[in-house]
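Visitor: Below are the features I grabbed from TrEMBL:
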type	residues	note
TRANSMEM	32-56	transmembrane segment
DOMAIN	47-308	domain 'G-protein coupled receptors family 1 profile'
TRANSMEM	68-88	transmembrane segment
TRANSMEM	108-131	transmembrane segment
TRANSMEM	143-162	transmembrane segment
TRANSMEM	195-220	transmembrane segment
TRANSMEM	248-268	transmembrane segment
TRANSMEM	288-311	transmembrane segment
Amino acid sequence: TKQIGNASQRLNHSNALGMFLGMELLLSFKPLFLPLYCLLVAVAGVGNSFLLACILADKKLHNATNIFIGNLAAGDLLMCLSCVPLTASYAFDSRGWAFGQPLCHLVPLLQCATVFASALSLTAIAVDRYIVVAHPIRRRISVWGCGAVVLGVWLISLALAAPPSLNTRYLDLRPNGVNLVVCEEFWPHRGQLRLLYSCFILIVSYMIPLLSVSISYCAITITLKRHALPREGSQSQQRWSQRRKRTFSLLVASVLAFALCWLPLQVLNLLLDLDPDFHIIGKRYVNVLQVCCHLVAMSSACYNPFIYASLHSKVRMHLKGRFRS
């Protein structure tokens, strides 16, 4: 959530311009970055809108796994349509933040919340997959129950995402004769709390989803082997290698895409928290690196529709029907 120049923890009116030291270098890449941001918004917007429409329109897709995947798509759509355009504008506008004080606090809240919501949704899918296989007789969670889980995911995500928003400051330097508006995080105690929070994000964003998928995969495999009779082993293996394997492949692909896309930005932010004086990364290159990593992180919103369509026959059927019509 620290988009541009977030490492300047002791920013004030007199040294605010220091965090834009690499602005000239960043602006030289503007013809490259802006089309990529536009392409990202277009692909993610169309793909996630179509995925949501498929899930909402087809009652056969109204089950726990698909509802949680729909929640992923909704979060990605929210992020790419609200956070990405404003962040890209802030990155390349030499006048700084141009969207007012309320959005200055809202954008980091939404961006961070969508990260937590994605991680928790992927965890919910992994748990649901385990319950389906390990307890096939147990009644599946209802649509209303899934709605309650989704609501809980977003409430928890917004609560976990609150610290960056609460520590974001809106500084209008125009009354002081500087044509610049700053919207940045300023954490107390020389950024030590920010460092702790960065570590917390790494654990929640990566450890929890990856561990949940790994544990679920192992538990499912053990359960299938335990309940399969010797002469029925081939049938059990076939069932696993077809529908359940496709569903679990979808989950694994989604988790890997999410984790790999967000890893560069999270590692960069952690480095800047550990090195507030820019000994590891020079000030001149910080802005460009942050925009590169931010672009990769935001691209995570593009992949789930393609992953889901490639592994789900009903979505492919809807897609073919759209093209035929």
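Any Cβ shown, glycine's included, is placed from N, Cα and C.
Any TrEMBL annotation is an automated prediction that lacks curation.
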Visitor: Is it true that the transmembrane segment (248-268) and the transmembrane segment (143-162) have 3 or more CB pairs under 8 Å, sequence gap of 6 or more?
Guide: no
Visitor: With Cβ-Cβ distances below 8 Å as the criterion, list the same-chain residues six or more beyond the ends of the transmembrane segment (195-220) that contact it, or say none.
Guide: 112, 115-116, 119-120, 122-123, 126-127, 129-130, 133-134, 160, 163-164, 187, 244, 248, 251-252, 255, 258-259, 262-263, 266, 269-270, 273-274
Visitor: Same chain, outside the transmembrane segment (68-88) by at least 6, Cβ under 8 Å from its Cβ: which residues?
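Guide: Hits for the transmembrane segment (68-88): 3, 33-34, 37, 40-41, 44-45, 48-49, 51-52, 55-56, 99, 103, 107, 110-111, 114, 117-118, 121-122, 124-125, 128, 146, 149-150, 153, 250, 254, 294, 298, 300-302, 304-305, 308.
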